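Quick look at what Swiss-Prot annotates:
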type     : residues : note
DOMAIN   : 327-378  : domain 'LysM 1'
DOMAIN   : 425-471  : domain 'LysM 2'
CARBOHYD : Asn53    : N-linked glycosylation site
CARBOHYD : Asn59    : N-linked glycosylation site
CARBOHYD : Asn168   : N-linked glycosylation site
CARBOHYD : Asn223   : N-linked glycosylation site
CARBOHYD : Asn238   : N-linked glycosylation site
CARBOHYD : Asn299   : N-linked glycosylation site
CARBOHYD : Asn346   : N-linked glycosylation site
CARBOHYD : Asn391   : N-linked glycosylation site
CARBOHYD : Asn445   : N-linked glycosylation site
SIGNAL   : 1-24     : signal peptide
Amino acid sequence: MDKMLFSFLRLCFVLLTVWTTWVAADFALYENYDEDALIAGLALSSTCLAALNTTVTCNETAVGLLGHGADIHFWTTTDVNNLCTTDCVSSLSSWKDNVATVCAEETTIQGNVVVKARALPLTFTYNSDLVCMQDSSSNWCFLDSQTWQGSDYIRWDPTMCFTNGDDNSTVALQCADPDFDIGDISDDMAALTNLYDKELFCNECFLNLYRQRLLDPWLPVTNFTDYLIDQFDLVQANCSTTLPYSTSASTLYVGTATATTTTSATTTTDSTTTATCLGQMVQPLQNWLTCNDLCDTYNISTGDARVITGDYACYFNQATCFPLPCEIDTVWDTPSCDELATRYSNSTYSVTTAQFLSWNTNVQGSCSGIAAGQRARREKSAPGGTFPKPNATITAPGATGEPTYYTAATAAYPTQTGTISECGDYYLVVAGDDCATVDLRFGLNYTQLQEYNTYLDATCSNLWLNYDICVAPVTAQTVSTDVVILIMAARLQMESVARILPETRPALVLSLELVVPYLVIVEAPVTTVLGQTAIAVLPYQS
């Protein structure tokens, strides 16, 4: 349950991709969705939905950056100024309070997790509180934090118990103790006060941001959370400060969508959603596997493993559905996506970057240099027997801010008979998807989805796993001199922020909660950062 709580931040916001707009405007959670489809798909009352969909007086593009978590985006001063206006901060707070009152105890399914509807605004308000925090001199704390440098635990030198040939004088005295374990980390070795300079951990912004992260509404009840709390108390004692805080009770998470009853204020009969695993159902182990071990054992990519478990270390504590096994490759030397596409091509088929990304939708790192050490999916032969060669798709902003496709795309995966030929965009169906989740992801109603995929029956019982489904038609092009046209292949890349494996060097730690638990499995010294600047961390010398 704890890991499901923590994974909610990543899983639930497949609904919210419509925030990336072409012009600045006020923000509404479900602005482009059909109301009837939302009420049916989310199992919410019309009054709760109306409260959730209240227009918030914030720059829509700026608020959209909060949806996946403040740490995913590298914020500039302009970004912060666009978000942190008095009107926006006040409007977000009012929205949260109104949803809590109107939706009360109604529940909904987000990313196969049943949660309280009042939880949906909290990611925005919690992350806006992080980004908009200022110190007593009115400096933006979050901007400052992006330059802070982080550290792994202090560790024993891995060679301290080895002899130098016949010379035993190099062996440390501790090695003679039969109870000594070179992998043990003492409290002093893990203490934040020994990992950072006092000038940093007593910094006003450091303390306030640390405290704010402890107020995270999705902070799980785990040993690591206990560690964070203990370390905050230790830091405060060293800095002679007393900042009150209280962690959130785990009341927002209700359960998983499998065999779980969801209710709303207007529902008179119970509805049950049962998920079916069409991939590999993997049982958790007492001695859980690291990401690399999990991927090597079940032949899945590192990105898929992290997204499905919702955990950077790929920890899960209940039976979990992973994709079917495929051929994987261990990536070294931080190649670009283009270089990997070339590497995976053969004399018969030329793999494009778009195809590589369609196989690795959760690739770790930036496409200018993906994270070394991760397992990436590759294909000796194409899905369906051939490697399609997708053309670049020309897109432009439509009237509602949604992309408009002027040329037909080529599916990177097989499609079912009945998919329209003039399809502008495809989506790969993965485990856990149904027609409702696809509709919500792309702002469609079921009639539209059936129009683009005529084979779909009335109950969506014939949606096939690992097949592409059409999610947008081609629109007849009109002549315009006012629209800037963008050429897109598989997806937009965030070149400024790399999500990098913690097992490798350099590694990016996305937030303070992630600094330590994923580094304790690292046997070699690594480079870690709280913001974007990496430093080398040397092993502790005894």
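Cβ coordinates are placed from backbone N, Cα and C, and glycine is handled just like the others.
It should be emphasised that the depicted structure is a prediction, and the values quoted were computed from it without experimental measurement.
For the domain 'LysM 2' (425-471), the DSSP counts in helix, strand and coil order read 15 helix, 9 strand, 23 coil. The most densely surrounded of the glycosylation sites Asn59, Asn223, Asn238 is Asn59 (count of other Cβ atoms within 10 A of its Cβ). Neighbour count (other Cβ atoms within 10 Å of the Cβ, all protein chains): 16 for Asn299 (N-linked glycosylation site). When Cβ neighbours within 10 Å are tallied across all protein chains shown, the highest count among the glycosylation sites Asn168, Asn346, Asn445 belongs to Asn445. Nearest by CA distance to Asn299 (N-linked glycosylation site), out of the glycosylation sites Asn59, Asn238, Asn445, is Asn445.
For Asn53 (N-linked glycosylation site), the same-chain residues 6+ apart in sequence whose C-beta sits under 8 angstroms from its C-beta are Ala28, Leu29, Tyr30, Glu31.
Nearest neighbour of Asn238 (N-linked glycosylation site) by Cα distance, taken over the glycosylation sites Asn59, Asn168, Asn223, Asn346, Asn445: Asn223. Across the domain 'LysM 1' (327-378), the DSSP tally of helix, strand and coil residues reads 14 helix, 10 strand, 28 coil. The CA atom of Asn168 (N-linked glycosylation site) is located 66 Å away from the CA atom of Asn59 (N-linked glycosylation site). Secondary structure at Asn238 (N-linked glycosylation site), as computed by DSSP, is helix. Geometry remark: Asn223 (N-linked glycosylation site) versus Asn346 (N-linked glycosylation site), CA distance 48 Å. Under the three-state DSSP scheme, Asn53 (N-linked glycosylation site) falls in the coil class.
Summarised as a single figure, the pLDDT of the domain 'LysM 1' (327-378) averages 83. Between the C-alpha atoms of Asn346 (N-linked glycosylation site) and Asn445 (N-linked glycosylation site), the distance comes to 41 Å. Between the alpha carbons (Cα) of Asn445 (N-linked glycosylation site) and Asn59 (N-linked glycosylation site) lies a span of roughly 27 Å.
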